């Protein structure tokens, strides 16, 4: 029996190896077909769930519409026209969440719109539940030099990003550090070092765990978060980088402060495109889709860009008006911009007493002011929920990058602003109802 078993085992091993090789030997075409089938099946399940809720369209129609949207999204041509449906929110329904001692500097919303993560000049990190407004997790800030012993930041946190699968959270501080967190538990997983000055911008490439970071040291770095690895450094800006954003392509966009440029970095080609159009320091930037972006500057201007044109497609001067500063009329700085991805809706923040909503005209060639939402204080961060039903503002008594002014009546807080009025029962006769 023993001899028989010994004779059989190499044969068994060979069969297993052959079976494994058969599985592995898949042509690129076969792999594409398998992945496409898998994607369609996932879409079908998703859309069936949606169809059950809506009970209006056949799943096949929904899948077709979704595929068309995905193609347009990849090409950067998808523009959902939602701005026309936005109504001024009821001030009584704006929720204010308090928890940070010092000005809120940055925030992100989880991909499923259930949680908000925020950080502050006090170094603290808070995870909030959107529905209840409760603090689910608080990582307090520590004293300088205690980062290794203490779990959190020991200096001002200036930026944060969350991966598109909601797994990782990244935060960057004035002390040149990038911290990686488990978004579910708020447990710190890793610290990236390498920047030579404050980390001012972070973004995960959509669909991956590749992280882009920007710094006041004027360079952009690429990291692989899943492997805790540094990848490369890109140089080009002539002044501090103030903001960064990315979507699914292997590239990112940055705002270069006083060098007066916005740049598009093509990572594989190690090349960059330079855009110019603002007069002042460019302090914030966000991609609208794969082909368009929006930026704001301290000269009060708001610019819409196409990634194939070096000059803005549209420019709004003094977007938040003017203030009287020591007897001089100065434009209000644009301190935050947000875009509802793949739509025509934008939001801007300053310290002018309100957040402004804007509509991008056809072809992104026009900026149309829609409405003002009263908010006192410096709007240091703005983010739309993925579904577009609420906007979150990070408010501070001071600007996130300095202490030029102080608005004493402002509250260091998170404001959740509802954008769509909830109706108790849909009225089928009402215009615009779907």
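Glycine is treated like the rest: Cβ placed from N, Cα and C.
Pulled from TrEMBL, these are the features on record:
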type: COILED; residues: 29-63; note: coiled coil
type: REPEAT; residues: 97-138; note: repeat 'WD'
type: REPEAT; residues: 150-191; note: repeat 'WD'
type: REPEAT; residues: 192-233; note: repeat 'WD'
type: REPEAT; residues: 234-275; note: repeat 'WD'
type: REPEAT; residues: 275-315; note: repeat 'WD'
The repeat 'WD' (97-138): DSSP-derived helix, strand, coil residue counts: 0 helix, 23 strand, 19 coil
Per-state residue totals over the repeat 'WD' (192-233) - DSSP helix, strand, coil: 0 helix, 24 strand, 18 coil
Residues in the repeat 'WD' (150-191) grouped by DSSP into helix, strand and remaining coil: 0 helix, 22 strand, 20 coil
